[in-house]
Amino acid sequence: MSPANEPSFRESVDIMFNRAVALMDLPPGLEEKIRVCNATYTVRFGVRLRGKIHTFTGYRSVHSEHMEPVKGGIRYSLGVNQDEVEALAALMTYKCSLVEAPFGGSKGGLCIDPREYDDHEMELITRRFAYELIKRDLINPAQNVPAPDMGTGEREMAWIADQYKRMNTTELNGVACVTGKPINAGGIQGRTEATGRGVQYALHAFFNDEEGMKKAGMTGTMKGKRVVVQGLGNVGYHAAKFLQEEDGCKITAIIERDGALHNEDGLDVEAVHQWIAKHGTITGYPDTHCEEDGAKLLEAECDILIPAALEGVINLSNAANVKAPLIIEAANGPVTAGADEILRKKGCVIIPDMYANAGGVTVSYFEWVKNLSHIRFGRMQRRQEEARHQLVVDELERLDRYMGDAWSMTPDFKEKYLRGAGELELVRSGLDDTMQTAYQSMARVWHDRDDVDDLRTAAYLVSIEKVAASYRAKGL
Ligand code: NAD
């Protein structure tokens with residue numbers, strides 16, 4: 001995606017890593033141990049489809065095993081290659097460490113355009129790929145736990161979990177071999193929306209950070225802020241939808257692979273999403289200007305730019321023209337190392353990928369814990385909590401009667417207070433807490449250290465320090 005004169009995705013991640021470790025005092029050798037990717041497995045396998053054998057190439061890369069299992073999504077895209085998978089695995093290590101999800105980093109990918117195959121064919125291909133990884137323990141609840149990424153979702157995760165169970169019939173924790181599953185196959189409420197929801201929570205944390213807002217030259221609240229989103233897939237759709245419906249942001253442009261919609265008065269995210277689901281394209285969407293060269297809109301005037309599609313889209317060729325004062329990296333690696341430098345010099349604040357899109361792995365962690373504990377969150381406490389709340393409401397109602405017109409309960413207080421938290425509320429609360437805590441740990445470094453002038457370096461510093469501590473604890 002980025003121009004040929006730029007480093008590759010993996011090199012770009014290494015450059016950002018090196019910039020941070022230069023500010024740290026790590027023992028010689030440990031720095032390299034953390035940076036390098038431990039192993040990448042490449043598999044080529046055949047599947048008989050439409051009367052002939054088709055050969056596919058897939059990867060599973062393990063970046064760091066300082067904690068196990070290792071964790072990271074599986075991507076289906078024609079652009080998948082070893083460099084990309086290794087860069088994404090490294091980002092997983094740093095991301096898990098930053099948000100305190102107890103995993104090492106991994107990532108997988110299959111070179112395939114999923115739109116070229118029907119459901120049955122996709123199932124055959126996915127099961128065969130999973131078989132290859134399972135038999136080498138590259139999918140295993142205790143060692144390596146994949147999740148959805150670009151081009152994959154609940155459906156693929158359910159096939160993978162089922163394939164694992166077929167191959168490990170007596171494994172009690174088999175369903176924990178993968179996360180992002182549908183609810184009826186061992187999933188958790190709120191996983192599908194999690195990454196987009198995390199982007200929303202990350203923005204809440206940023207807008208509450210006065211010093212950060214000042215550095216971006218921004219004022220006010222999120223209400224009415226103009227947002228440009230690239231990629232209306234799982235992450236982009238949920239982020240844009242929540243920002244529009246719950247925070248009052250104006251989604252002024254949506255960039256997709258075949259063009260971009262632009263409307264300064266704001267687009268209806270749900271309507272555009274349904275249009276794409278029905279027509280398979282953004283073009284033809286009624287009463288809206290459609291720009292053929294969609295990527296051009298990355299340079300549009302706006303308050304918040306959300307690249308939520310793929311890596312390398314903001315690079316040396318366009319970084320100088322980007323006008324947004326705030327970029328939140330919902331995708332992994334959307335800003336190249338070269339572009340990052342240009343944007344920093346311009347004063348643009350970038351909320352880095354390893355934090356911004358960590359909502360997915362955070363809720364995956366909750367799902368893995370739910371699978372291992374074999375019980376839904378809230379099942380034991382909910383009714384007991386409601387019974388205790390009922391006691392308070394009974395007393396307040398008594399007071400209400402006693403006080404007459406002088407005092408009464410707020411109309412919807414009773415309903416809101418009586419309802420104990422179900423799994424979705426607990427997941428959102430855990431995610432919100434994770435995103436806030438991680439933001440504060442980054443922001444402290446960003447604001448307190450004179451030698452740190454951006455959130456990305458701050459994120460790397462916090463994260464690498466924790467990985468280093470865990471290696472030290474192992475005696476390395
Ligand atoms: P997805 O496949 O659901 O959506 C990707 C969207 O981007 C699609 O709508 C696609 O049409 C669009 N797109 C593809 N190429 C494009 C281009 N050149 N220009 C504009 N749009 C383009 O994928 P996703 O799961 O939403 O993942 C998106 C990004 O978020 C990836 O970088 C992924 O690694 C990252 N991410 C995803 C998760 C997750 O939970 N799914 C978690 C963390 C990070």
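Note: Cβ is positioned from N, Cα and C throughout, glycine not excepted.
Any TrEMBL annotation is an automated prediction that lacks curation.
Just so it is clear, the model here is predicted, and its values are computed rather than measured.
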| field | Record-annotated substrate site (TrEMBL): member among Ser8, Ser12, Ser317, Ser364 besides Lys71, Lys95 | value | Ser364
| said: For the C-alpha pair, I'd like the distance in angstrom between Thr195 (NAD(+) binding site) and Ser364 (substrate binding site), rounded off. | reply: 10
| Nonlocal neighbours by CB distance (under 8 Å) for Asp149 (site 'Important for catalysis'), same chain, sequence gap 6 or more | Gly72, Gly73, Ile74, Arg75, Leu88, Lys107, Gly109
| task | Measure from the Cβ of Lys71 (substrate binding site) and count the other Cβ atoms within 10 Å, all protein chains considered. | result | 27
| remark: For substrate, residues beyond Lys71, Lys95, Ser364 with C-beta within 8 angstroms of the site's Cβ centre include exactly Gly72, Gly73, Met92, Cys96, Ala101, Phe103, Gly105, Ala147, Ala358, Gly360, Val361, Thr362, Tyr365
| task | Please give the greatest C-alpha separation between any two of the substrate-binding residues Lys71, Lys95, Ser364, in angstrom, as a whole number. | result | 13
| task | Mind checking which of Lys95, Lys107 has the fewest other CB atoms within 10 A of its CB? They're the recorded positions. | result | Lys95
